[in-house]
Structure formats: C-alpha cells, structure tokens
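Chemist: The following feature annotations were taken from TrEMBL:
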TRANSMEM  49-68  transmembrane segment
TRANSMEM  84-103  transmembrane segment
TRANSMEM  184-203  transmembrane segment
TRANSMEM  223-245  transmembrane segment
TRANSMEM  266-285  transmembrane segment
TRANSMEM  291-308  transmembrane segment
TRANSMEM  329-350  transmembrane segment
TRANSMEM  365-386  transmembrane segment
Amino acid sequence: MGYLSQPALKNLKKYSYKGVDESLVSHYLLTPYWNWFIKLFPLTIAPNTITLLGLCIVAFNVVTLLYYDPLYLTEKDGATGPPQWIYFTWAIGLFMYQSFDAVDGKQARRTGMAGPLGEMFDHGCDALNTTLEVVLASRALNLGRSWWTVASQIATLANFYLTTWEEYHTGVLYLGPFSGPVEGILIIVIIYVITGIFGPTFWDKKLLTFTRLDRIPQVVQHVPNIGLNESFMVFGAFALAFNIFSSYRNVIKATKSDGKSSLKPLVYLLPFVVSATLQIFWLLSPSYHDSAIIHSPLFLPFLCAWGLQFAHQVGRMILSHITRGPFPLWHSMWLWSVVGVVDAQLPFLFDTPSLIQSTPKRTAVFIYLTLAVSFITYARFCALVIRDITEFLGIACFTVRKKDGEGVWRETRDIQQDGYVKRL
C-alpha cells in the first residue's frame with residue numbers, strides 16, 4: 001500500500017477545481033496579460049513544470065540574498081547588504097512567479113492535464129514561496145533580524161492557511177477584491193522597486209514625518225510616529241483581520257447550506273495556532289529582547305525550517321481536500337518542535353541549563369538539523385503523494401504524457417477520449 005489509501009485515490013476522480021476571483025486588478029489588467037503570456041509556452045511543456053520554474057526564479061532571488069548578505073543583517077546592524085540593483089531583480093522575479101503561477105492552470109487546460117495533481121503542486125509551491133518572500137521582503141524593508149520579521153511570517157502564513165482552510169470547507173478557492181496572490185504580490189513588487197531606487201533605509205523614515213502629518217497636533221496626539229516598514233506591518237495586520245472575517249463568512253455560508261455546524265470548522269484553525277505558538281516560544285529563549293536565534297545567523301535557517309513545516313502542514317490539508325479525507329489536526333514535526341522549545345526554555349522552566357542547545361555551536365547544529373529534518377519529511381511527503389497520484393491517474397508530473405488504455409505512456413495529444421492511441 002502506498003501513502004494514499006484506495007478510497008482516497010478513488011476520490012481523486014471526483015475532484016474538480018472551483019475558483020472565484022473578485023479582483024478588479026486581476027480581471028481588467030492582469031488577465032489580458034496572462035492570456036497573452038500563456039501563448040508563449042508550447043503545448044509540450046507540462047503545467048507543473050511552469051509552476052516549478054516560477055518557484056525556481058524566487059529561489060534564485062534568495063540565493064542572491066545569501067550571496068550578498070549571508071548573515072541576514074541590515075544597514076542598521078552595520079551591513080552593506082545587497083547592491084540596490086538586486087532589488088529590481090527581486091521585483092522581476094516575484095512578478096514572473098505570479099505570472100507563471102497564474103498561467104499554469106491555463107496550460108493544464110490547453111494540454112488536457114488539469115486535475116488534482118496540479119492543485120497539489122501549485123499550492124505546494126505557493127506555500128514554499130510565502131516564507132521565501134517573507135525573507136526577501138523583510139530584508140527589503142530593512143527589518144532583518146527582528147520580531148517584525150517574525151510577525152510578517154506569522155501574518156503571511158496565517159493568510160495562506162486561512163485560504164486553504166476556507167477551500168477545504170467550501171470546496172471553492174475564493175480570491176476577494178484584495179487578495180495575497182494578486183494585490184499582495186503586486187504591493188511587494190512595488191516595495192522591491194522603491195527599495196531599488198532609494199535603498200532599504202528609506203523604510204526607516206517615520207510615517208508622520210514622511211507624510212508631513214506631524215505638523216498636525218491632533219494627529220500627533222493619537223497616531224504613533226512609527227517607521228514606514230512598521231506601518232506596513234500594521235497594514236498587514238488589518239488585512240489579516242479582514243481575511244479572517246471574509247473566510248469565516250464564506251465557511252458559515254457553506255456549512256449552513258450543507259446543514260453542518262458553523263463552529264466546528266473553527267477547531268481546524270488550531271493546528272496553525274499550535275504550530276506558530278511553538279515557534280514563538282522557541283524564539284523567546286532566553287528572552288524577548290535577547291533571543292538567541294533572532295539575533296544570530298541562525299534566524300534565516302530557522303525561518304526556512306518553519307516554512308517547510310508549514311508547507312507540509314497545508315500540503316496535507318490540500319491533500320485531504322482533493323481526496324475528501326478527514327482534516328489533518330496533527331503534525332508529526334510538532335514533537336521535534338516541542339523538544340526544541342522545552343530544551344531552550346529549561347533555564348526558565350526549571351532553572352536548569354539546556355541539554356541540547358547549551359552552547360551557540362550546539363544550538364547551530366540543532367537548528368540546521370531541524371532544517372534538514374523538515375526538508376526531508378516534506379520532500380518524502382511530496383515524492384510519495386506525486387507517485388501515488390501519477391500511478392493511479394496515469395498522468396505524468398513534469399511531462400505532457402498520460403497512460404493509454406493499454407497502460408503505455410503516450411503524449412497527451414496522441415490519446416483519444418476513450419483512452420486509446422489515435423490511429424492514422
């Protein structure tokens with residue numbers, strides 16, 4: 001028996017993608033561009049290959065960050081950081097990722113490869129991209145090693161989790177008038193462009209001073225004069241609150257129409273809360289103001305490990321959605337995180353030195369080991385799921401091929417609707 005049970009595999013054939021996009025930007029500006037862009041791809045390129053290429057572009061952007069700023073420091077910390085032209089490449093890279101992500105579904109329909117595998121692969125790449133862009137955007141905003149970057153990670157992952165949670169309960173992927181995949185990405189692209197022009201220190205300017213609202217006494221009395229980068233984080237918090245309200249409203253409608261409880265779905269938000277809480281308590285060692293991980297080169301690998309665990313978590317949610325399986329409330333990597341948290345907090349809990357993370361070197365080894373284990377467990381999950389789905393449905397993952405009625409791999413264009421090879 002493979003990773004997926006036979007009933008789960010059979011439910012794959014019942015799956016059909018449903019999506020709603022209410023974005024005016026998407027409808028009037030981006031869709032005409034996407035319809036042109038998709039024609040640049042020949043029908044011999046698989047949709048999942050397009051999706052993966054988009055993720056590789058973002059991964060290359062991260063490589064440039066590591067090349068110029070391997071310690072993930074900011075100008076405030078005395079680092080020179082990447083040259084300003086690099087931020088333009090990040091803007092291009094993210095915009096191209098959005099373009100590739102938008103047209104992979106169109107390519108799937110053009111090539112006859114649309115199905116649940118594409119849904120899994122697309123969402124998996126999106127889940128990985130969330131953390132990568134948090135790393136890049138926080139550097140562009142001159143936040144770097146700070147709790148603001150942690151807040152950005154939590155808010156970004158929470159938005160993605162909410163969208164996936166909503167799709168699980170409604171069966172529809174809702175993108176509202178303002179959504180992360182459309183407007184959110186474009187805002188980050190603009191941030192990269194501005195940083196490329198003025199440099200990361202531009203975002204340290206105070207909001208009221210920059211807008212000259214500090215000349216109005218009533219405004220100064222009631223509005224704190226925080227930095228532009230911190231103001232962006234506050235804006236993100238309001239966007240998250242709006243998305244929570246919108247997602248739950250859609251879930252309530254769906255559950256009521258099916259005669260189900262509208263309160264039970266709230267329980268399925270707990271896995272994200274548990275996961276985020278564990279990471280926060282780990283980062284709080286030895287204290288909020290003196291985090292051993294945040295204020296060290298270990299912050300970047302820690303964020304990447306967190307992102308991989310999150311991608312694994314939502315990947316299982318999407319898998320449950322397309323196979324009509326039970327919601328995954330448990331994640332095995334929590335055990336690893338609990339070990340990390342308890343060990344790091346031993347001095348606070350029992351006034352005892354940490355057993356594993358007792359020195360900076362041993363802490364570094366454990367964090368990088370956490371990154372490796374997170375990667376291996378998620379990679380194994382992806383490999384097993386892709387294998388099971390491709391074998392059961394008779395479709396290839398990265399080529400435009402399907403199995404014909406005789407079980408032989410053929411080019412999709414050579415197979416008739418009855419599953420057999422076209423005869424000349």
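Each residue, glycine too, has its Cβ placed from N, Cα and C.
Context for these features, please: burial, neighbours, distances.
Modeler: Below 8 angstroms of C-beta separation, residues 41, 81-83, 86, 89-90, 93-94, 96-101, 103-104, 107, 118, 121-122, 125, 128-129, 132-133, 135-136, 139, 300, 398-399 of the same chain, each at least six residues beyond the ends of the transmembrane segment (49-68), sit close to that stretch.
Below 8 angstroms of C-beta separation, residues 30, 33-34, 37-38, 41, 50-51, 53-55, 57-58, 60-61, 64-65, 68, 122, 125-126, 129, 133, 136, 140, 181-182, 185-186, 188-190, 192-193, 195-197, 199 of the same chain, each at least six residues beyond the ends of the transmembrane segment (84-103), sit close to that stretch.
Only residues 6 or more beyond the boundaries of the transmembrane segment (223-245), in the same chain, are considered here, and those with a CB under 8 A from a CB of the stretch are 141-143, 148, 151-152, 155-156, 158-159, 162-163, 176, 178, 184, 191, 202-210, 213-214.
Listed by sequence, the residues of this chain that lie at least six past the ends of the transmembrane segment (291-308) yet keep a Cβ under 8 A from its Cβ atoms are 66, 70-72, 127-128, 130-132, 134-135, 145-147, 149-150, 153, 157, 279, 282-285, 344, 357, 360, 363-364, 367-368, 370-371, 374-375, 378.
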